[in-house]
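K.L.:
Before we start, here is the structure in question, set down as structure tokens.
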């Protein structure tokens, strides 16, 4: 890599993110001349930020910008184009290309925890950009059925625009896998499946990583189910980000450093 590089995270809020601690520690230990910066960018200033983001080599994208950023980009990778959701932007001279690493993060987490998707009945809470990515992944990997739990089925139908899925404002049936794609559970607050009585042997997957053990996952485990933490998804995303931006994949240290960074930020 020639010269130094500034990369970062944009979203609102970003105070719960461990990225700044984690990536800067990795850069230091691996001798990479780069700095990671978390930036709280409100929706109404996104256009102005992007216009003046020339100082960034790349940046991760989180809520609420994963979809709204797309019109400002020059190109998308295949998965970002399919899902209409971006969580990494890489600047190549004057052009900005959007990538979807959420897909790879989910694949990493499910492989790490040995969760099979084929022929499973799956329900996903949420209808935003990350939900589109999870739906796409589940369909690509042979899910028997994919339903979406949402507060507003009409809005979800418009936002998702994916054929072959069911949209529900409440659920009263059993599924093999439950996935949280909402912010509920962040910092320990809320559970999108609070009205569901989980059965033994089911699987809960949470995209929230702070805390790594959300109220939803605790209830699933107490019911005799198994759980996949959002931290595993985050680790997969992070490894893919470093691979795309710097051509490195530090598997041996990333998980250890991610856990340390999460513990550090949770202590305040």
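Yeah, the Cβs are placed from backbone N, Cα and C, and that goes for glycine too.
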K.L.:
Say Swiss-Prot lists 78, 126, 127, 128, 129, 130, 207 as binding NADP(+): which of 185, 230, 236 is in the same site, per that record?
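P.N.:
NADP(+) site check in Swiss-Prot: besides 78, 126, 127, 128, 129, 130, 207, the record includes 230 out of 185, 230, 236.
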K.L.:
Check Swiss-Prot: it lists 62, 102, 209 as binding shikimate. Then name which of 52, 87, 113, 222 it lists for that same site.
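P.N.:
Looking through 52, 87, 113, 222, the residue Swiss-Prot assigns to the shikimate site is 87.
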K.L.:
Taking only the binding-site residues 102, 129, 209, which one has a CA atom nearest to the CA atom of residue 66 (active site, proton acceptor)?
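P.N.:
So, spelling it out, the nearest of the binding-site residues is 129.
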K.L.:
Pick out which of the binding-site residues 78, 102 has the most other Cβ atoms within 10 Å of its own Cβ.
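P.N.:
Max Cβ neighbours within 10 Å, all protein chains included: 102.
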K.L.:
So which binding-site residues are near residue 102 (shikimate binding site), with CA atoms within 10 Å, out of 127, 128, 130, 230?
P.N.:
130
